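Notes for the one structure printed next.
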Amino acid sequence: MLLYHIVGASVLICLLNETAKAIIGVDECQATPVIHFLQYPGCVPKPIPSYACRGRCSSYLQVSGSKIWQMERSCMCCQESGEREASVSLFCPRAKPGEKKFRKVITKAPLECMCRPCTSVEEYAIIPQEIAGFADEGPFTTSAHFRRSSDLQ
């Protein structure tokens, strides 16, 4: 009976730990094996083993602790950290006279993967919700805390 409680408690702790990781947003970014199909017009596509960066990284948008009228954002993305190149020969049976039957193609793959800042959004690219028409309805317009700036006058 004691063993049953210990095993049950261990399973519960593991489940809670995984749930906490998902809620907190633990960084999980790694190089994952994939198969890429290299193609070139007139050549036979060739599958080659490669790597891709896959995973998730912590990101957030929140009200600033010191300036409540401003927002703080952190946007992290799973990206490559360095790259490697490989030269692969493709067979081209439909090569025109004078062209080679084999063509060298250069391909790239990530060397390592890590959470790095996403490309920044320029201020001019952000359209206020009032202009975009998104703030006309929804939970933020009916809340006493979130009113359109035109309603405050």
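Just so it is clear, glycine is given a Cβ too, placed from its N, Cα and C backbone atoms.
Taken from Swiss-Prot, the feature disulfide bond applies to CYS29-CYS78 (among others). Other Cβ atoms within 10 Å of the Cβ of CYS78 (disulfide bond), summed over all protein chains shown, number 22. In the three-state DSSP scheme, CYS78 (disulfide bond) falls into the strand class.
Under the three-state DSSP scheme, CYS43 (disulfide bond) falls in the coil class. The C-beta environment of CYS43 (disulfide bond), restricted to residues of the same chain at least 6 apart in sequence and closer than 8 Å, consists of LEU90, PHE91, CYS92, PRO93, ARG103. Among the features that Swiss-Prot reports, disulfide bond is placed at CYS43-CYS92 (among others), with the record citing sequence analysis.
The disulfide bond annotation in Swiss-Prot covers CYS53-CYS113 (among others). Just so you know, the Cβ of CYS113 (disulfide bond) picks up 20 other Cβ atoms within 10 Å once every protein chain is counted.
Summarising the annotation, Swiss-Prot assigns disulfide bond to CYS57-CYS115 (among others). A sphere of 10 angstroms centred on the C-beta of CYS57 (disulfide bond) encloses 20 other C-beta atoms.
Reduced to three states, the DSSP call for CYS118 (disulfide bond) is coil. Look at Swiss-Prot and you will find CYS75-CYS118 (among others) tagged as disulfide bond.
According to Swiss-Prot, the domain 'CTCK' annotation covers 29-119, on the basis of sequence analysis. The average pLDDT the prediction assigns to the domain 'CTCK' (29-119) is 90.
Taken from Swiss-Prot, the feature signal peptide covers 1-22.
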If one measures from the C-alpha of CYS115 (disulfide bond) to the C-alpha of CYS53 (disulfide bond), what distance in angstrom results, rounded to a whole number? 10
Could you check which of these disulfide-bonded residues, CYS75, CYS113, CYS118, sit within 10 Å of CYS29 (disulfide bond), going Cα to Cα? CYS113
How many other Cβ atoms sit within 10 Å of the Cβ of CYS115 (disulfide bond)? 19
Distance check, please: Cα of CYS53 (disulfide bond) against Cα of CYS78 (disulfide bond), rounded to an integer number of angstrom. 6
Sparsest Cβ environment (other Cβ within 10 Å) among disulfide-bonded residues CYS29, CYS92 belongs to CYS92
Whole-number answer please: how many Å between the C-alpha atoms of CYS78 (disulfide bond) and CYS57 (disulfide bond)? 6
